[in-house]
Amino acid sequence: MAIPMVLGIVSPPSLDLTAASLLVLISLAILGFLELSGIHLKYSKFFNASSSSISSKVPSRVGMFLLYTPAFLVGVASFWLFPDGDLRFLLLKSAITIHFFKRIFEVVFIHKYSGEMALDTFIIISVSYIFLSSSLIYTHILNQERPEPSIDLMYPGVVLFLIGISGNFYHHYLLSKLRTKGGKDYKIPKGGLFELVICPHYLFEILGFLGISLISQTLYSFSVTLGCAVYLGCRSYDTRRWYISKFDDFPKEIRAIIPFVF
């Protein structure tokens, strides 16, 4: 019953789009399980944990800016390359562009950086963001000639996207207030949903991606969201373990990403 219900709310996929959806889901899930096994993408606190073994590095602010800019430009270019399409396609392009514009804005004006990130991590994430933004747009184009989903979730998707992007921004702002300029020390975050989970910014990022999926309503977009949820869930779980190992007074009732649950 569950599978027909899900297929009823997404555009009917072709065989090649089904294969692409499975591939992106598996790829993101593998990255998540590697995080659990201790093989981290080396940025933020997990860069510091292994910085002695890293030879090629880039400054964090420069790296993060260059990570997000190409994906943002993909979103901007989509308005010029694919000017036609329905409202659903326009909202999808807008959501992807706004998502990465927010990231760039945070890098320039919100986040405080004092470290570096590994070059191989920079390359992996940069390529992943470019691929995800372009593939979300392109696979939606391939689905435009197919029948509309039986249940239209576009407008709830817009609302969920706005909640996700706003909650993510707010908790990034709270994180930025923890560190003085040039400081490298970590503190237990406070305020907002940090009182319940250690990675509320990841939770809201997942909600934002879910909003994009509801706007697009393709199997591929839902696969991207599920894959991102697996990756961010695994990284948040390991983030919680890191805080427990570093702070004796870390509140054990604070979960990883879902309040009271996980």
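Glycine is no exception: its Cβ is also placed from the backbone N, Cα and C atoms.
Annotation source TrEMBL lists transmembrane segment at 20-41, 62-81, 117-141, 153-171, 218-237. Residues or ranges marked as domain '3-oxo-5-alpha-steroid 4-dehydrogenase C-terminal' by TrEMBL: 153-262.
Of the two recorded stretches, the transmembrane segment (218-237) lies close to the transmembrane segment (20-41), with three or more CB pairs under 8 Å once pairs fewer than 6 apart in sequence are set aside. Sequence-distant contacts of the transmembrane segment (153-171) (same chain, six or more residues past either end, CB-CB distance under 8 Å): 9, 87-88, 91, 95, 98-99, 102, 106, 110, 189, 192-194, 200-201, 203-217. Taking Cβ pairs closer than 8 Å, the transmembrane segment (62-81) reaches residues 43, 93, 96-101, 103-104, 107-108, 111, 113, 116-117, 122, 125-126, 129-130, 132-134, 137 in its own chain, all 6 or more past its ends. Summarised by DSSP class, the composition of the domain '3-oxo-5-alpha-steroid 4-dehydrogenase C-terminal' (153-262) is 72 helix, 3 strand, 35 coil.
For the domain '3-oxo-5-alpha-steroid 4-dehydrogenase C-terminal' (153-262), the model gives a mean pLDDT of 94.
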